[in-house]
């Protein structure tokens, strides 16, 4: 800690307080995340230290990963600080700022670039068996060159995803996969792909795709667009803990109507991401090969 000087508190992240800080020797500005531990007296779980050290190795090996770089891990007085490169703009703020200029949509080429970088970052981490579990526009940071990077990758597995954040707001459900909402105990990389699909649609539409205000409202908002799932479209769905046979039966809508300004290739990719059955949801690796993203290779 003695190498860093805190400049100001810049936010309350999913896992704790985030500070802007300066490295005393180099003068480099960084973001320091103070990880809040559920049981302060227990200290930092060794599994968490191992996970985060692995994350740092992953980060170091390739700076083209579209993941925010983890620069340092500080462990002092039963507190854990993670030091990341400092990026002060996230995708939510970016989209809000565009709205303030009176623009009704993001430039389609920019949506394409951001979606490529998002899928590329997710693929990089999935290929190393790391799942994010909490992707949302606030977790996607934009650097000075206008490139999108993923923050907080790998932290969910180490620390869990809390139901509330530090200001006690409920963590957003808008990007949460249906298998998680319906109580599945086993989930995999598909949860991130669902979130990517929701973010992708939001960039095109300029409004959230499934803005639920409770878990059941979120589930119903998904059903109203994609139709109420059954065993035919999603084998095993009726066995999930929170599935109810009394759910209203909605018919699937045409995604072209839900995302009216999406071009054909974009809707095709979106459809492959928003598949109910996680086993048939497109992988990040395959998504990179789709027509919509092919220009960026």
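Just so you know, glycine gets a Cβ as well, placed from its N, Cα and C.
Note that the structure is a prediction, hence the values are computed from the model and not measured.
If you look up Swiss-Prot, you'll see 134 marked as active site, proton acceptor. Around residue 134 (active site, proton acceptor), a 10 Å sphere centred on its CB holds 22 further CB atoms from the protein chains shown.
Using a 10 Å Cβ-Cβ cutoff, residue 12 (ATP binding site) registers 15 neighbours. Residues or ranges marked as ATP binding site in Swiss-Prot: 10, 11, 12, 13, 14, 15, 16, 17, 18, 33.
Residues annotated as domain 'Protein kinase' in Swiss-Prot: 4-293.
Positions annotated as phosphothreonine by Swiss-Prot: 14 (among others).
Following the DSSP three-state reduction, the secondary structure of residue 15 (phosphotyrosine) is coil. All protein chains shown were included, and the count of other CB atoms within 10 Å of the CB of residue 15 (phosphotyrosine) stands at 24. Sequence annotations record features per position, and here Swiss-Prot assigns phosphotyrosine to 15.
Marked as phosphothreonine by Swiss-Prot: 167 (among others).
Checked against residue 134 (active site, proton acceptor), the recorded positions 12, 14, 15, 16, 18 differ in C-alpha distance, with 14 being the nearest.
Across the binding-site residues listed here (10, 18), the residue whose Cβ sits among the most other Cβ atoms within 10 Å is 18.
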